Amino acid sequence: MVKLTAKILDIDYRGVLINRIDARKIGVLDGDRVQVINENTGIFVQAFVSTTEKLIEEGSVGILYLTNKKLNASDGDPFEVRFADRPASIEYIRKKMDGGKLTADETKAIVMDIVDDILSPGEISAYITGSYIQGLDMDEVEHLTRAMVATGERLNFTSHPIVDKHSIGGVPGNKISLLVVPIIAAAGLKIPKTSSRAITGAGGTADLMEVLAPVTFSAEEVQKMTEKAGGVIVWGGATNIAPADDKIIIYEYPFKIDARGQMLASVMAKKYAAGADLVVIDIPVGRNAKVATVEEGRKLAREFIDLGDRLGMKVECAITYGESPIGHAIGVNLEVREALSILEGSEIPGSLLQKSVSIAGIALEMSGKAQNGEGPMVARELLKNGKALDKMRQIIEIQGGDPNVKAADISPGENSFNVMAPENGYVVEMNNKALITIARSAGAPNDRGAGIYLHKKKGQRVEKGEPIFTIYADRGWRLDKAVETARQLMPIIVEGMLIDRVPSGYWRPETE
Ligand SMILES: O=P(O)(O)OC[C@H]1O[C@H](OP(=O)(O)O)[C@H](O)[C@@H]1O
Ligand SMILES: O=c1cc[nH]c(=O)[nH]1
């Protein structure tokens with residue numbers, strides 16, 4: 001153990017920086033863990049060590065911004081720094097990697113260490129990979145869900161029912177929450193909607209809503225805003241509602257994976273912690289979606305319902321068409337513009353309108369706001385009479401955005417490229433995964449203007465030379481990259497089109 005003086009570093013990451021001489025005295029190398037204890041306040045955390053010769057002088061400890069969020073220390077505070085052992089959760093992660101079944105206590109230890117930043121990115125990735133490959137059974141999924149809820153805050157509404165919806169994602173252009181939430185709230189129900197950012201896609205609901213208003217709130221603020229406006233659309237990662245969720249998702253994002261057990265827990269932990277009684281889950285099914293067949297979709301639906309039963313929530317699942325994108329727009333600004341246009345009264349695109357009223361309709365029927373079979377009609381009426389738009393404006397305003405924003409105010413990126421039909425024919429194939437890869441190449445979801453606008457959908461006729469889709473990007477070099485990706489992936493196939501030409505290679509015509 002050594003005594004060091006704090007130097008707060010404005011680096012948006014976790015850990016501590018220690019001079020190599022002090023590191024030797026403590027007995028740690030780069031990547032080891034130390035316990036750092038603020039002698040003024042008694043607050044302590046575990047942190048990863050990086051060593052330096054010059055950046056931090058002997059006698060000081062550099063504390064990175066995210067680690068200091070917990071310590072709340074100031075420059076000059078006296079610290080005790082000592083070697084820390086590897087946490088037991090690493091052994092449990094190893095157990096999962098070897099195919100073992102995790103108990104409730106083991107799962108809780110892993111989740112606590114994720115939340116407290118005790119596990120490194122590599123260790124969290126190992127946990128995700130182990131669960132992805134070995135799977136979690138329903139008991140393990142329940143343990144994970146409960147642990148994710150127990151390590152954060154919960155909303156506690158005095159009046160019920162609390163309604164919620166969630167999509168498992170995996171289908172591009174799935175901006176329906178921007179419609180479903182205001183429809184449900186306009187019916188007089190409460191819906192405290194927390195969403196993730198993109199996981200496998202080109203824009204999650206939290207990314208989309210952020211175009212219209214801030215999405216970063218405390219759990220207490222989420223509850224207060226919901227009580228006033230009937231609904232909110234916020235980023236779960238900022239709320240301290242199931243705080244492990246986002247810390248897991250950031251390691252899934254680069255691989256575009258969503259491990260089944262973690263997905264069930266991620267979705268249901270957010271619903272449970274938000275105090276939901278009635279939940280609708282959207283399960284898009286399609287060859288390039290997260291769930292490939294209707295049969296698999298039904299199996300997942302039964303798991304969501306079972307998990308809901310275990311936690312005391314009534315869950316209904318909608319198996320939805322996930323073979324092609326929802327609507328025409330993929331990517332943050334393009335999707336927000338499309339969703340707002342439906343709230344403003346447009347009936348196009350029909351797939352977006354249809355899906356939104358179907359999902360909202362299930363929630364309205366579950367809560368008794370519509371007779372059985374009439375939910376979609378009631379939802380459509382709330383769109384037609386402008387009540388859903390008014391409610392959305394109220395939600396935007398209460399979250400601190402401009403309630404007068406219109407679809408026409410939101411523009412895609414200024415760099416664009418039209419991909420033309422190579423032949424006359426019908427669009428016979430749309431590859432969701434390829435479309436997402438192209439949109440991400442263009443900069444989505446971080447660059448809000450990046451994305452794809454589909455002029456034609458599956459089954460539609462297209463003439464040679466007509467644009468099938470347009471790629472948008474905020475930066476020129478991103479557009480070039482996305483166009484190159486599109487050339488390689490060919491996400492849309494028109495009937496009769498030449499997909500590839502394979503040269504003969506070695507064969508030569510025989511000559512005399
Ligand atoms: O990026 P992929 O994996 O497609 O999906 C992730 C999206 O799906 C869910 O949508 P919602 O919150 O129900 O609207 C998540 O919250 C997230 O926004
Ligand atoms: O919120 C979500 C949605 C899909 N998958 C997840 O893991 N979490």
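The backbone N, Cα and C atoms fix where each Cβ goes, and this holds for glycine too.
Those TrEMBL annotations? Automatic predictions, nothing curated.
ILE199 (AMP binding site) has a Cβ environment of 20 other Cβ atoms inside 10 Å. Look at TrEMBL and you will find GLY170, SER196, ARG197, ALA198, ILE199, THR200, GLY201, THR205, SER266, LYS290 tagged as AMP binding site.
The active site, proton donor annotation in TrEMBL covers ASP258. Counting only same-chain residues six or more apart in sequence, the Cβ atoms lying under 8 angstroms from the Cβ of ASP258 (active site, proton donor) belong to ILE168, GLY169, GLY170, ILE199, THR200, GLU252, LYS290.
What TrEMBL lists as domain 'Pyrimidine nucleoside phosphorylase C-terminal' is 426-493.
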All-chain count of other Cβ atoms within 10 Å of SER266 (AMP binding site): 26
Residue among binding-site residues GLY170, GLY201 with least C-beta crowding, 10 angstrom cut-off: GLY170
DSSP three-state assignment for ILE199 (AMP binding site): coil
Binding residues GLY170, SER196, ARG197, ALA198, ILE199, THR200, GLY201, THR205, SER266, LYS290 (AMP) - maximum C-alpha distance in whole Å: 17
Residue distribution over DSSP helix, strand and coil in the domain 'Pyrimidine nucleoside phosphorylase C-terminal' (426-493): 24 helix, 20 strand, 24 coil
